[in-house]
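Structure first, then comments.
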């Protein structure tokens, strides 16, 4: 796999003609005779527009943010602006401006996040680049399964269960620190990102990367909490109660927004409880949508002579299924009888139907006295 740094180098080479012809006025979308106030106003608008916190995951926006900062760094400095107006961006990048060694005038630029902090927070920005706080990530969605019998799906059910989930550590209040104090990350100076400056001949390219030491938080823990060992979270049992409505569909899901695992550095994700139907305990009924199906076996005598009746236990204990045939009424093998209103509940729309599939079991042989049946058939 090609390292990210090499990918950035390749992209930089491809963008070389564009970078060499950089127009700082065009980047800030202002005229060449723009006043200091207009330059500052343009920077304020564009830096907020392209700030990484508002464009998470967009490399293009991150690059725009760096370009806008670079343009403002030059045009807001009278000396740099004068050199740029006379000799172009290359002269500024190669040290045409004044300044001490390693400073902005020594062929380099201020960190774009430092510029942003000075503009919006008077140089006292906290972690996260000065644009409020970094966008809080959401924790992962957690999906759990519970199994219900067909009867529970029919009648509705109340389910209670407990899950062992991550939650903020009570001992350190989610700080991960025994004394509750966090130190500024020395690698990124609390910004959460590191700006790498690549110089290739006359070209200068700035690349923003998440700080590996602090994981982008801008802070590190020096004195770890003894309970959570600096993880900021501990496992806790959480109780849940779910009401499954009568007639709920198979694979019914109840979503609890923001009730999954949570921590101080992210918002809790969603908990999804999915209800599956058990393979057993269906009392001989099968479900397809809002309708129920059942197979009833008849003897040859019942099928041919009729005169029988059956009472079958139903999913509703107060509502038995009654089947019958008058005498001399034949039931064919594979015949289907529809019992209206004995399907699954449909809320205000009533009930589905029950389909009885009859299977006739014939004897292997007939007795001599049954030969008259052959003549009738």
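Numbering starts at 1 and runs along the chain as displayed.
For all residues, glycine too, the Cβ spot is worked out from N, Cα and C.
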Matching 370-373, 374-377 to Swiss-Prot annotations, motif 'Prevents secretion from ER' lands on 374-377
What mean pLDDT score does the repeat 'CXXCXGXG motif' (169-176) have in the model?
-> 90
Other parts of the chain folded back onto the repeat 'CXXCXGXG motif' (169-176), taken as Cβ under 8 Å at six or more residues beyond its ends = 182, 221, 224-228, 230-234, 263-264
